[in-house]
Structure formats: C-alpha cells, structure tokens
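Annotated features, as they stand in Swiss-Prot:
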DISULFID  CYS98-CYS130  disulfide bond
DISULFID  CYS139-CYS177  disulfide bond
DISULFID  CYS163-CYS195  disulfide bond
DISULFID  CYS204-CYS243  disulfide bond
DISULFID  CYS270-CYS309  disulfide bond
DISULFID  CYS287-CYS306  disulfide bond
DISULFID  CYS295-CYS327  disulfide bond
DISULFID  CYS336-CYS374  disulfide bond
DISULFID  CYS401-CYS440  disulfide bond
DISULFID  CYS418-CYS437  disulfide bond
DISULFID  CYS467-CYS499  disulfide bond
DISULFID  CYS477-CYS496  disulfide bond
DOMAIN    67-132  domain 'Kazal-like 1'
DOMAIN    133-197  domain 'Kazal-like 2'
DOMAIN    198-263  domain 'Kazal-like 3'
DOMAIN    264-329  domain 'Kazal-like 4'
DOMAIN    330-394  domain 'Kazal-like 5'
DOMAIN    395-460  domain 'Kazal-like 6'
DOMAIN    461-517  domain 'Kazal-like 7'
CARBOHYD  ASN72  N-linked glycosylation site
CARBOHYD  ASN186  N-linked glycosylation site
CARBOHYD  ASN506  N-linked glycosylation site
Amino acid sequence: MTDWVLHHKVGPLDMTTRYIFPLLPLPFLPHSESKRAVCAPRCSAMRTARQFVQVALALCCFADIAFGIEVNCSLYASGIGKDGTSWVACPRNLKPVCGTDGSTYSNECGICLYNREHGANVEKEYDGECRPKHVTIDCSPYLQVVRDGNTMVACPRILKPVCGSDSFTYDNECGICAYNAEHHTNISKLHDGECKLEIGSVDCSKYPSTVSKDGRTLVACPRILSPVCGTDGFTYDNECGICAHNAEQRTHVSKKHDGKCRQEIPEIDCDQYPTRKTTGGKLLVRCPRILLPVCGTDGFTYDNECGICAHNAQHGTEVKKSHDGRCKERSTPLDCTQYLSNTQNGEAITACPFILQEVCGTDGVTYSNDCSLCAHNIELGTSVAKKHDGRCREEVPELDCSKYKTSTLKDGRQVVACTMIYDPVCATNGVTYASECTLCAHNLEQRTNLGKRKNGRCEEDITKEHCREFQKVSPICTMEYVPHCGSDGVTYSNRCFFCNAYVQSNRTLNLVSMAAC
C-alpha cells in the first residue's frame, strides 16, 4: 500500500499537519472527469473513517480539486534566521513553473520558498509560465447603437476596473464590450481590478554597438517589425529599438509589454459647460477663456478641455483628450535618395512627381508631397523633416484673450470688442495684426487657433528667409513644378516665380504653403 499525503487548505484542522491515508497510488490527472473516476471507488471506503477523514473525502469527491505535482524541497538548503523568518537558498536559474495557486514562480525552488514563508501548500501545476484564464463577457445587457456602419455601446459610468487580455485596464466590463464592438476585436477579461504592470528587462548585449567620433554609442538594430511598448509610453519597432534609445539618450527605459502602447484616455465631462442653440439649430458651447492646453486624439492642441467639447458640438466629431499639455511634435526623416537631382547654375534641382499628397514640415510649412520637402532641403541646405501627413495645423502658443470683453450677437456669434489702438503683433501664420485683441477677435470669428509669435510687425518670417537670395527680380526661372501658395491666393509654379512676385510686391507677399492654393 502507498500512503497518500493530503495538503489541505481549508477547514478548522491544524494547517501544519499532514494527514496520511493508506490508499492505492493516485496518479496526476489533468481532467475533471478522470479525477472523478479515480475518486469514486475510494469514496465508499473512506466514508467509514474518522471525522477528520471526511474533510479528505469531500476534497477527493470534488471534481474541480487542483491536483498538483509535489516539489522536492529537500534539494534546497533552508533554515530560520535570527529574526525568526524562514529562508530557502534558491538558485538563480530561470525555469518558470506554474503553481496550483495560479501564480508563476521563477523555478521550483520558488514554490518551496513561498510555502515556507507563508505556511502554504502550493504545488507545481505544470512547467512554464501560467497561462491566463480568459473570461468571456456577456455584452447583451448593454445597449448597442449602429451609426454610419459603426457599432457603439452605451456603457454606465461606473468605475469597476477590469484587466483585459490585451493588458489594458478598462473602467468596467462594458468598456471591453465597447472596445470590441468599435475595433472588431475579441478581447476578454483576465481578472477584476487594474492590470498589473509587468516590466521586462531587455537583453541589449546581443545587439552590436559602436562608439562614434563624437562619443555617442550607436546600436545596430535589425529591420524587424515586432513592436514593443516602453515604460516611457512610446512604441518601439522592436526590443533593439529600446536598447538604441537608451544608448543614445542615456536613459533607462524598459519593456512594458509586447505590442504597441495604448494610451489611457481620460473622459471629459462636457455637461459642466453651458450650451445654447442658434437660430440655425447649431449647438454652441460657451467655454471659459482659461489657457490650460490639452492634446486631443486628433493630434491637435486645444486651449482647454472645453475647447474639445466645443469642437465636437460644432463638427459632430468624437475627439477625446489624449493628455494634458500640448501635443508632442514628432518628426519623420525622409529618404530623399529616391528622387533624381542635379545642379544647374549652382542651384540644386530635384525632379518631383505631379502628385498632391500634402505633408507638414517641422518648419510649419505645408509641402505638396515628400519630394517637394526634399527639394526644399536640397535648394536651401536645410534639414526640415516631415512632421505628419496632411496640411499643417497651427498649434496655439500662449495667448491670453480672457482680458478682452466679448458679447454675443442675436445669431449666437461671439465677438470681441477691441479698441482702435495700433499695437501690432506678429501671428504664427506670418500675418501682422493691428493688436493682440484683433488677433483674439480673428480667432473667435474664424474659429482658428493662431498664436502670437512676437510683438511688432512680422519682419523675419518664413517668406523673408525663403527668398533671402532674391534681392531683385530674376529674369530667368527654371520650369520645374514645386508649387508655392501665396497670401494673394495665387499658386506659383516654383520658388523662383514666387520670390519674383514677393520682390515685386515690395516684400508684402507671404508664403502660405508649399502646395497649390
């Protein structure tokens, strides 16, 4: 006969006692049905035992009991310290095992250490990390609405955080339902409560590196796209990207998780701001003139949270707040080697296609396509990078318009009452306004977000820099097409034609964009 050792965790019995029963060998059975089949013939024999045996009888006859593999803890040195705490000398080799408590341990000795420290009886379930047990959520109780082919779920504003299988924390279970409906995913619930932040270290020793002449450490990374999310909240192409960033910037970014970073977006309570309807039925939101910049999910900086509410009400959009503060400016370097270029009369010429795919440069100028931006850099010897695709959107520097009185007209429009005092300011669009108040009035009337570049007239603007080589009208211009849009609404075929017009206008013409008007 073989003794069967019962490590019990429940009941009023002594938790440190092992109860030994003479039974036939009980193999490890992973499936509930098999466990029930083995337990059944033993149940009748055990019913005649003493009272404490009934605990074992109950545990055996439950089909869902966790049968684990007992770890041989005698292999590891152990003892009790001077302070009375137990210790186990565990090796530092990483051989993850999953315990019967659902926790992953670095190796089998980790289970021994845990049991000794906590007086527990955890056993090994299987080798390797514990596999998360996903819980499918019943989304039928939540109202679903289909608009323009998109399914939206109406969720209650109840904060009961749950962790999704994508390692993202949702406000409640309905949040997972809403995300799945909106993005056509199948995310399930891992557990109640917020997701635990599991930070993984990256082994950078496997990537070759070199030190440049200026003392910078450069890491040679493979061109493999396997996105990882760093602890700084940025997504890197692969783990090596984190290594390269740390070496170059002297930082200590670790890997937060595999896959792209997902940003938790705080909700804005737009009900706190007063609204009114115009005669045309449009909803207007009255916002306080407080400058607390926030970044929207559309990549645009708003004066404050109310600005997002007003934008959504006016345009029927669903922009949310990405984060407090201005949107971060990110740039993308361009590969200009793919475009043909040569030099004529000392001027670099780039052959660009007649394709309108507007891009915004880091200099705040809109270019007709990537090639036009390359041509600009070649001609002027600059290093302008691509900020983003599409036309540039003006970000708002600090401009305090709250000191100017406003009034609301009968049609619902708000206007600013400005004095006739001439105190010119230069705006971020390169235009001179009669005063700061006039600039505020322009923003309110035109729904723009122009900022103040400086006090005084715009003297050293983009146009002056762009045409600095043209002291007089050039009699000959080349025929390449690199469109320039002037403030007069005219599209000029290239820099030469635009700058000639700039000189002829007594240098009052401004460059609006490097694209067709």
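The backbone N, Cα and C atoms fix where each Cβ goes, glycine too.
Just so it is clear, the model here is predicted, and its values are computed rather than measured.
Secondary structure of the domain 'Kazal-like 2' (133-197) per DSSP, as helix, strand and coil residue counts: 11 helix, 18 strand, 36 coil. Every protein chain considered, the tally of other Cβ atoms within 10 Å of the Cβ of ASN72 (N-linked glycosylation site) stands at 9. If you count neighbouring Cβ atoms within 10 Å for each of the disulfide-bonded residues CYS130, CYS163, the highest count belongs to CYS163. The DSSP breakdown of the domain 'Kazal-like 1' (67-132), given as helix, strand and coil counts, is 14 helix, 16 strand, 36 coil. Taking CA atoms as the reference points, CYS418 (disulfide bond) and CYS336 (disulfide bond) are 48 Å apart. Least packed by the Cβ count within 10 Å, out of the disulfide-bonded residues CYS270, CYS295, is CYS270. Calculated from their C-alpha atoms, the gap between CYS295 (disulfide bond) and CYS204 (disulfide bond) amounts to 34 Å. Residue density at CYS418 (disulfide bond): 17 other Cβ atoms are found within 10 A of its Cβ, drawing on all protein chains shown. In three-state terms derived from DSSP, CYS295 (disulfide bond) belongs to an extended strand segment. Sorting each residue of the domain 'Kazal-like 7' (461-517) by its DSSP state yields 15 helix, 9 strand, 33 coil. Taking Cβ-Cβ distances under 8 Å and a sequence separation of 6 or more, the neighbours of CYS477 (disulfide bond) in its chain are ASN494, CYS496, PHE497, ASN500.
For the domain 'Kazal-like 3' (198-263), the DSSP-based tally of helix, strand and coil residues reads 14 helix, 16 strand, 36 coil. Taken residue by residue with DSSP, CYS270 (disulfide bond) is part of a helix. When the Cα atoms are compared, CYS440 (disulfide bond) and CYS287 (disulfide bond) turn out to be 14 Å apart. ASN72 (N-linked glycosylation site) has CYS177 as its nearest neighbour among the disulfide-bonded residues CYS177, CYS336, CYS437, going by CA to CA distance.
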